[in-house]
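Worksheet: the structure to be examined is printed underneath.
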Amino acid sequence: MPIHSGARIFVESLLREKVEVVFGYPGGKVIPLYDELYDAPIRHILVRHEQGAAHAADGYARSTGKVGVCIATSGPGATNLVTGLATAYMDSVPVVAFTGQAPTSLIGTDSFQEIDIRGITLPITKHNYMVTNVKDLAKTIKEAFYIARTGRPGPVLVDLPVDVLKSHADFIYPKNVNLPGYQPTYEGNYMQIKMAAEAINTSQRPVIFAGGGVINSNASEQLTNMAIRGRIPVVTSLMGLGSFPEDHELSLKMLGMHGTMYANYAISEADLIIGVGVRFDDRVTGKLETFAPHAKVIHIDIDPAEINKNVKVHIPIVGNVKNVLDKLIPLIKTVEREEWLEQIKEWKKQYPLNYEFDDNSIKPQYLIEKLDELCDENTVIVTEVGQNQMWAAQYIHFSKPRSFITSGGLGTMGYGLPASVGAQVGNPHKTVINISGDGSFQMNLQELATISSNKLPVKIIILNNGTLGMVRQWQKLFFDERYSATILDNPDFVKLGEAYGIKSLRIEQTNDVEIALKEALNYNGPVLMDVIIPQDENVFPMVPEGASIKEMMDLKKTKREKEKQGEVA
Amino acid sequence: MRHILSVTVNNQPAVLARISGLFSRRNFNILSLNVGETELPEYSRMTIVVEGNTDTLEQVKKQLYKLIDVIKITELNQSNMIERDMAIVKVNCGKNQRGQVIQVVDVFRGKVVDFSLDTITIEITGDENKINAFIEIMRDFGIKEVVRTGLVAMDREMNNNVLTN
C-alpha cells in the first residue's frame, strides 16, 4: 500500500538525518518538496540566489561540524549551486545538495529548465545521484548523507525528477548503507605509527604542519597534546587555522604564500615534517623542488590519494587524524630541542608580522588587530577572498577550531556573506563576523536580504579600498603597476545596507575604529561597516608565485628596494 | 610505460562518465578503455590501459578508488595475463588476390566474415602486437576500414596453470 509521496519521503528522510535547517530557493520542479517543507519541523532559510544557498550550507557545516543542506530547483537553480559545491569540494566540506529535475519522461529532450546537473557536478562532488524511482529515494538520501560526512567529507548532490517527488511508495529508512566500493580507512597502520613516532623522537628540528583534516576530524585537542608533549612547533595551512591555539609559544601561525616568515623558515630548515590532515597545496609549498629540502615527511591523512600527490612522503599513515594521533601520542617522548626552539624564537623576534601604523588612514591590519582584541572565543570569523582574507588569517589569533570560515582551495569571491548566513544560523549564540573586501562583497550582496529578513546579527566589515586589492597587488609587484580592470566604482555601501534595513556606518579615521567596532559588536542585530582603507596597502609577507617559500618579500625588504631604486634614479 | 588495470565497477548509469571524466580532469593519459558486464549483472569490468610512470599509476589507482562506484582495481601483470584485442578489417581484394589474403588470414588464425566482389572482411583476435602485425600486412592490399575493440584482459589463474593460447 503506497503511503507517502516522494516529497514526503524526502522530508521524513531529512528528519532521520537530524537535519534542522535547510538553505534553499524554490522553483517549478521542487514545488511538491516545498509543499511538504511547509509543515515540516525543519527550518528553511530562503536565500536570494542559489549560490548563496550552497555557501550558506557550507558555512553552516564548517562552523558546526554537521552536514549542511541546500535545495535548488532544476536548470538555472541547479547550475547556480555549482560554484558553492566546487568550493565545498575543494575544502572537503560535508554538504548535501538537492536539485529538482524535469520529469523522468522528459529527461533528455531539452525540456524546460532541464539540465544534466549530475553530469555537470561529476568533477566537483564526492558523489552524486539521480533518483529515477521513488522506491530508491530513502536509500539514496541515507547514502548521500553517509558519504558526505564520512571518510574525507565532501559535497553530494541528489537530483530529484519532479514525478519522483509526486509518486508514492512505502517509507522505509534503511538502517545501514551497503556501499562495497566505499570503505574509508579510519585506523592508521600501527607499524607505520610506530615508525612515525621513532622518526619524531629522533628528529632534531621537527615541525607539525596541521590542516583542515584536524578540524574535520575534531582532533585539535590531540594535535595540541602531541605538540606540547613532543615540544614540536606547529604551522598550519589556511584551512588548519584554529586547530592549534595561536597564542601558544609553539604556534608559528600560517605557512605559505602569505604565511609568517618564521613558519616558512621553520619548514625550510626542518629535518622532519609531520603533515596532519593537509594536502600540501601549491599555495603552501611554493616551488616544490625547494620545499622543506632537509626534511623527512610523515603524512597522516584519511585520503590515500593525498599521499605522494604533491610531496614525496617517507612515512604515510592513512587514517582518521584523531584515531591516528590517539595512538601516536603515547609513543612520543618529550625531547629537549632547545637549539631548535631557540632558533624559532629568534626568527619570531626578527621577522614578526608587521605593517606601518598610520594615524590618518585606517590600516586594515590595525582594524583586524583591534577586532581580535575585542572578540572573545565565541566568535566566528568568516572571510571573503583576497587581501581581506589574508589579513584576517594573519592578524587574528585563532584559538579554537571552527572559528575561521574561509574558501581556501577554490578561493571563491562572494563566499563570505552567504557563508556567514550559514554560520550564524548554526551558531545563534556566537558573534559571526564577515570580513570582506569591496570586490568580494559585491559578488553576493543580495544575501543582505537574507540576513535582514532572518534577523541574523552578522557583523559585516567591508575593507573598502575601491579596488580588487589582491589582483592590484600582483599588478603592482609583477606587472609594472598596470592596473588593468581593478578599479571599482562602488556604490554607497552605507545607503545600500540601510536599504536592506541593516544598521550601517562608515569609518574613515583610525581614531574611530575601536569605538565603531565596539558599537557594532554590542549592537543586537546585523551591522554593516564600510571601512575606508588605503588603496596601496598590500599583504606582506609574500612568496611570489612559483618561488621557493624561503624567498619571502616582506614590508621592510620591499621598502628597502624602493629606496634603493630611488637612489639609483 | 603502459599499465593495464582491470577495474570492477557498479553497473550503473554515469559510471563510465565518472571514470573517463576522472582521467581527463586529472590529465592522465588513457590509451584504451573497455567495459562490459561481468559474471554478476550488478557489476561491470573495465580494462583500462594507461600510460605514465609509476607515480602517475599510483595516483590513477588512488583516484579511481576514491570513486564510490569503483569496487576493485587489479593491476594486471604483463607476463601473467590473458590479453585480447579484436579487429574487423575490410581490405580491398579482387578475385585474383583472394587466395593470397586468405593465406595470410590462415596464418594469423583470423576468420573471413564477409566477401564482396572487390573486398574481403576479416575478424581477427589476439594480443595487440599480433593485430598490429596483421594490419601492417593488410596495408599492402589496401585497407578500406578497420575497427578495433581495444584491449580486454584478465589475470591468468595460477593454481592450474594451463596455457590457453
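Cβ from N, Cα, C; glycine included.
Automatic prediction, not curation, is the source of TrEMBL annotations.
Taken straight from TrEMBL:
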DOMAIN    A:5-117  domain 'Thiamine pyrophosphate enzyme N-terminal TPP-binding'
DOMAIN    A:193-328  domain 'Thiamine pyrophosphate enzyme central'
DOMAIN    A:385-531  domain 'Thiamine pyrophosphate enzyme TPP-binding'
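Counting residue by residue with DSSP, the domain 'Thiamine pyrophosphate enzyme N-terminal TPP-binding' (A:5-117) contains 53 helix, 21 strand, 39 coil. DSSP labels the residues of the domain 'Thiamine pyrophosphate enzyme central' (A:193-328) in these numbers: 53 helix, 28 strand, 55 coil. The average pLDDT computed over the domain 'Thiamine pyrophosphate enzyme central' (A:193-328) stands at 97.
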